[in-house]
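Quick look at what TrEMBL annotates:
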- 33-282: domain 'Tyrosine-protein phosphatase' (DOMAIN)
- 199-273: domain 'Tyrosine specific protein phosphatases' (DOMAIN)
- 313-568: domain 'Tyrosine-protein phosphatase' (DOMAIN)
- 485-559: domain 'Tyrosine specific protein phosphatases' (DOMAIN)
- 12-34: transmembrane segment (TRANSMEM)
């Protein structure tokens with residue numbers, strides 16, 4: 001059986017070897033090595049569940065077929081009490097849950113499930129939607145709630161009403177009756193599965209780690225049953241800290257160790273594979289998030305060539321564009337019946353991120369359009385990048401607008417600016433609905449260029465539904481003759497429009513490539529800079545590449561994003577954007593009795 005070290009070596013090899021060898025290695029890992037290791041971690045263990053099976057406690061268990069205590073202390077790689085692994089609270093356990101949070105001095109809760117998934121209740125809402133709710137003698141107040149593309153952060157104030165203000169003891173030893181608890185809720189993790197992409201998960205783990213203070217107790221992690229997703233988070237969290245502190249990693253040994261404390265942690269082979277994929281991304285890509293006030297120094301360092309005449313910027317871009325993984329399968333777009341729907345066969349959507357149209361009855365492959373979902377700062381499908389419609393794909397384009405409930409279309413210049421919308425005199429018939437132009441207007445930018453605005457109504461009389469859509473026909477963007485900072489004029493117009501409309505923003509240039517991708521990237525990065533005071537250009541660009549391969553092809557295109565952001569940070573009154581609100585204390589965790597870890601030095 002291969003050790004964890006062997007896996008990671010093989011995983012690194014798969015990035016560089018030919019596709020035939022890569023396929024053999026992936027099949028070997030997926031169907032031979034990983035199943036053996038997962039089964040080996042589930043060897044017979046003398047674990048008891050006396051408390052959970054006690055007649056008085058059975059009603060507190062969410063699943064009757066998983067014999068585990070609902071709450072278990074789990075050690076990290078450098079601490080015997082790093083985590084509490086728990087099931088998703090039931091209504092009948094809310095008081096117990098918050099009592100435990102208080103007694104264990106928990107400052108961070110990590111939630112890895114949604115309340116309802118596929119129509120089934122996975123967890124009951126144990127926090128207030130707004131204001132304050134009481135759970136026994138515990139009062140919980142929601143003080144803030146921030147929504148991001150893949151997760152939500154809730155700040156909660158916990159009050160122990162048994163401890164009155166100025167209670168027992170002198171002022172030096174008195175226990176405070178108020179505490180702050182931060183809940184990190186990952187909202188895009190499928191039950192019994194894994195996310196499509198590792199980067200958002202890594203960002204979530206780093207963000208939740210940053211809130212952990214040395215003065216608080218263990219991190220409370222729960223999903224629904226408290227095993228699969230909970231275990232995956234714990235393994236990733238601990239291994240990332242081990243990589244940071246010791247430059248070593250030992251997935252198999254650590255998983256064996258924590259399964260002696262709570263069985264079934266990391267429930268499926270797919271989750272086990274995902275852990276390795278995520279760690280490989282973390283090792284190769286590292287953490288490239290940088291604060292606004294350090295962006296200039298960071299840019300100077302990554303653009304300075306070393307002894308090999310290569311810069312760190314070169315390395316970043318190569319890691320993005322040379323990425324070869326399961327997410328980059330574009331087989332649907334390359335089907336013979338779909339080839340005529342693509343302006344350029346080198347710019348097509350990946351299968352995982354393609355927009356799927358509602359199929360037309362009796363028409364084969366009528367669900368395809370050359371369009372990709374793109375993750376933004378606020379939503380996983382914040383944008384749709386597509387090509388300029390062809391005459392024979394115009395109805396498909398409007399079907400996509402209708403299906404996706406898209407209310408904003410951003411048209412960037414193209415050589416072939418085929419007019420795909422109707423005139424005011426005559427509506428366009430798209431079978432199930434009609435498209436009508438109801439108004440035209442224009443907005444002038446500082447360089448006297450103008451944005452032409454078209455307002456459309458899409459209506460289906462049989463459904464009694466009307467969709468209002470605003471179309472922005474833009475001038476040349478970005479303008480190479482204007483200062484770099486001017487590119488944010490259009491972005492600010494777009495943000496204002498998007499702030500008042502639901503649904504994804506559809507962005508297209510001629511091929512659905514560079515200009516559209518740059519607009520989406522800078523919109524996301526400027527939101528990140530404004531909201532958090534940090535940026536991660538590598539993360540944003542790699543996510544776009546994974547969802548729509550081939551849009552960034554040259555290093556200077558990647559470098560332009562850094563220069564555009566620098567134009568923002570060097571022209572603000574304060575010299576930088578606001579800093580993030582989270583504290584930067586980090587959690588270090590450990591374990592004993594595991595197999596020896598291997599050095600990472602020869603790995604990267």
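Any Cβ shown, glycine's included, is placed from N, Cα and C.
Averaged over the domain 'Tyrosine specific protein phosphatases' (485-559), the predicted model reaches a pLDDT of 96. Mapped onto DSSP helix, strand and coil, the domain 'Tyrosine specific protein phosphatases' (199-273) counts 45 helix, 6 strand, 24 coil. Sorting each residue of the domain 'Tyrosine specific protein phosphatases' (485-559) by its DSSP state yields 49 helix, 7 strand, 19 coil.
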